[in-house]
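Engineer: According to TrEMBL, the feature domain 'Nucleoside phosphorylase' maps to 39-249. Annotation source TrEMBL lists phosphate binding site at ARG79, ARG123, MET124, GLY125, THR126. Residues or ranges marked as substrate binding site in TrEMBL: GLN202, ARG204.
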Amino acid sequence: SGLVLVKNPHLHLMEEDVLYHLDLGTKTHDLPAMFGDIKFVCVGGSPNRMRAFAWFMQRELGLAGAGEDVADICAGSDRYAMYRAGPVLSISHGMGIPSISIMLHELIKLLHHAKCQDVTIIRMGTSGGLGIEAGSVVITDTAVDSSFQARFEQVVLDDVVVRSTELDKDLAEELLACSRDIPDFPTLIGHTMCTYDFYEGQGRLDGALCSFSSEKKLEYLRRAYDAGVRNIEMESTAFAALCGLCGLKGKSCCFHLL
């Protein structure tokens with residue numbers, strides 16, 4: 001049916017589902033009326049970027065009020081920001097796996113309660129490129145961990161749960177085809193490596209701690225490149241795992257500053 005799935009047998013036993021970090025709930029808000037016609041969800045780290053994206057979509061879609069300020073649907077919370085432009089929802093997710101994971105759990109429940117169908121979700125971010133030109137965009141085919149494996153490992157109670165991080169390949173090709181109409185920046189499909197840390201986890205030499213040499217860093221990055229990695233960030237494995245499990249067609253696209 002194209003509905004967004006939730007895989008939690010406890011939810012239907014709850015009198016109310018409070019989406020705490022989004023400042024929404026099944027009793028306090030009419031979620032089907034507010035969000036039932038959403039077809040695209042675009043997520044990114046920064047609240048300001050996602051507000052700017054909502055402005056952009058208002059203009060591109062020719063919506064009423066284009067050019068005016070957009071209201072933050074999650075204004076009652078200081079964790080995330082959410083904006084709407086017609087069938088497009090624009091949401092911030094913060095930085096790192098814990099932050100995007102919290103947002104995605106509540107977003108997926110929101111889409112489920114709203115009875116949304118055939119939703120496409122795209123993560124738009126910035127990242128470090130690996131062996132590619134600065135200013136490029138990488139469309140992720142597979143999110144990999146720091147060992148270059150297509151998996152998301154999470155400790156649940158005292159078990160290590162491993163989940164797949166494959167992303168929708170047809171959507172990757174669709175986005176690549178769209179990029180051919182925009183000659184301003186090179187676009188490619190490649191693996192995205194997701195780390196748990198910005199500094200040592202990504203091989204940076206300028207953190208408060210550094211336990212490796214510059215030679216060891218370069219050797220590691222060469223191995224990552226040989227494994228198909230073309231960019232490095234901190235959210236893609238959790239994003240891919242949750243989208244895949246809940247029936248969302250998802251893709252990550254990152255612009256490379258370096």
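Cβ atoms here come from the backbone N, Cα and C positions, even for glycine.
Bear in mind that TrEMBL entries carry predicted annotations, made automatically and left uncurated.
As the structure is a computational prediction, the values presented were derived from the model and not from experiment.
Where in this structure would I find these features, and how exposed are they?
Structural biologist: Residues near ARG123 (phosphate binding site) in space but far in sequence (CB under 8 A, at least 6 apart, same chain), listed by position: CYS42, VAL43, GLY44, HIS93, GLU235, SER236, PHE239, GLY250, LYS251, SER252, CYS253, CYS254.
Non-local neighbourhood of GLN202 (substrate binding site): GLY128, THR195, ILE232, each in the same chain, at least six residues away, with C-beta under 8 Å from its C-beta.
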Engineer: Using CB atoms and a 10 A radius, I'd like the single residue among the binding-site residues ARG79, ARG204 with the highest neighbour count.
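Structural biologist: Of the binding-site residues ARG79, ARG204, the highest Cβ count within 10 Å belongs to ARG79.
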Engineer: Near THR126 (phosphate binding site), which residues of its own chain have a C-beta under 8 A away, given they sit six or more steps off in sequence?
Structural biologist: GLY45, GLU233, CYS254, PHE255, HIS256, LEU257
Engineer: Across the record's phosphate-binding residues ARG79, ARG123, MET124, GLY125, THR126, the largest CA-CA distance in angstrom?
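Structural biologist: Across ARG79, ARG123, MET124, GLY125, THR126, the widest Cα separation comes out at 20 Å.
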Engineer: Long-range neighbours only, meaning 6 or more apart in sequence with Cβ under 8 Å: which ones does GLY125 (phosphate binding site) have?
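Structural biologist: Those within reach of GLY125 (phosphate binding site), by Cβ under 8 Å and sequence separation of 6 or more, are GLY44, GLY45, GLU233, GLU235, SER252, CYS253, CYS254, PHE255.
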Engineer: List, in sequence order, the same-chain residues at least six positions removed whose CB sits under 8 Å from that of MET124 (phosphate binding site)?
Structural biologist: CYS42, VAL43, GLY44, ARG49, PHE53, CYS253, CYS254, PHE255
